[in-house]
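S.K.: Pulled these from Swiss-Prot:
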REPEAT    6-45  repeat 'WD 1'
REPEAT    50-89  repeat 'WD 2'
REPEAT    140-179  repeat 'WD 3'
REPEAT    202-241  repeat 'WD 4'
REPEAT    244-284  repeat 'WD 5'
REPEAT    322-365  repeat 'WD 6'
Amino acid sequence: MSLHQFLLEPISCHAWNKDLTQIAISPNNHEVHIYKKSGDQWVKGHELKEHNGHITGIDWAPKSDRIVTCGADRNAYVWSQKDGVWKPTLVILRINRAATFVKWSPLENKFAVGSGARLISVCYFESENDWWVSKHIKKPIRSTVLSLDWHPNNVLLAAGSCDFKTRVFSAYIKEVDEKPASTPWGSKMPFGQMMAEFGGVSSGGWVHSVSFSASGNKLAWVSHDSTVSVADASKNMSVSQLKTEFLPLLSVIFVSENSLIAAGHDCCPMLFTYDEHGSLTFVSKLDIPKQSTQRNISAMERFRNMDKRATTEDRNTTLETLHQNSITQVSIYDGDKTECRKFCTTGIDGAMTIWDFKTLESYIQGLKIM
């Protein structure tokens, strides 16, 4: 496990470049900081300053090396590097509320932006006019869209929102997409068509994160009522739900076709598996607990605690987990959704941790990624 403390401020979101030598993070403000690996250290190389509201989403396209950002200023920017300088291009989102989340499509020819305007902006580049334009998916979304994930076919888009529902839409844009083949989610895919809807008002909570599996047949999501859910399109849209005893999870991602990692307010990642019978199971917390020891607090730690945990108390408040506050995002570091070898977490404590499954398997008895 390698932990790096970037800041005292929370890291609201992050994204890696293709060869994992650079990470883009937002220190809970209107800026994006790009750090480059130099030996064992991370050195700040660039600051992207164009937004005038909190940045809420970052995604870095691996093939085209473009960064897309969105923020509370209702704007999105596509950043391209020229002669070592990152240049922004404004995207016309046509929204009247904050943008909340952004994600490049697998082919990198479009991206989707969720927002508080109860809609999803699907953006693509119009070469005739030399600008990025957007189309809106509105119905039947009833509240803020918190999370998005693309199906591997580059057309279907999963969205989790504050109306307690997870939906799968078609984001087919005839200007840039080839006609999609039929999938277990459905065969007819005109733009904006809702292919599936899960969740309800009687139970559930805000859907904080959604993730398709590598095949695209399974969709996982985590809600504010501490549940983890998986829908399987190949099993007639059957849904498996696990009500956990933990604090709410904020981020989820598939690390193999049947395993997923989720993390949130409990400050440590957790492994869940989904078997061929459609059963969803909690496997283990993936942290290596530190033994807490009684000690006097230094002046430096006192000030750090004021920033990190809003406390000045002398008693030792260090958590036994590596992260000292809620984890806000989980991403794959080494590998892909078919076979992930290492994954990354960032959190409100301003820290970034890279977790190695081989190391975790040697520490945690009986742990095996399916």
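Every residue gets a Cβ built from N, Cα and C, even glycine.
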S.K.: How about long-range neighbours of the repeat 'WD 3' (140-179): same chain, 6 or more residues beyond its ends, C-beta under 8 Å?
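M.R.: For the repeat 'WD 3' (140-179), the nonlocal Cβ contacts are 97, 100-107, 109-110, 112, 114-116, 118-120, 122, 124-126, 185, 189-201, 203-212, 214-216, 219, 221, 223, 229, 231.
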S.K.: Quick test of the contact rule: Cβ under 8 Å, at least six residues beyond the ends. What residues does that give for the repeat 'WD 5' (244-284)?
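M.R.: For the repeat 'WD 5' (244-284), the list is 205, 208-215, 218, 220-230, 232, 235, 238, 319, 321-332, 335, 337-340, 343, 345, 347, 355, 357, 364, 367, 369-370.
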S.K.: Please list, for the repeat 'WD 2' (50-89), how many residues fall into helix, strand and coil according to DSSP.
M.R.: 0 helix, 23 strand, 17 coil
S.K.: Going through 6-45, 50-89, 322-365 one by one, which has the most CB pairs that fall under 8 Å from the repeat 'WD 4' (202-241)?
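M.R.: Most contacts with the repeat 'WD 4' (202-241): 322-365.
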S.K.: Sort out the residues at least 6 away from either end of the repeat 'WD 6' (322-365), same chain, that have Cβ-Cβ distances under 8 Å to it, and list them.
M.R.: 1-16, 20, 23, 25, 27, 211-214, 250-257, 261-265, 267-269, 284, 286-288, 290, 308-309
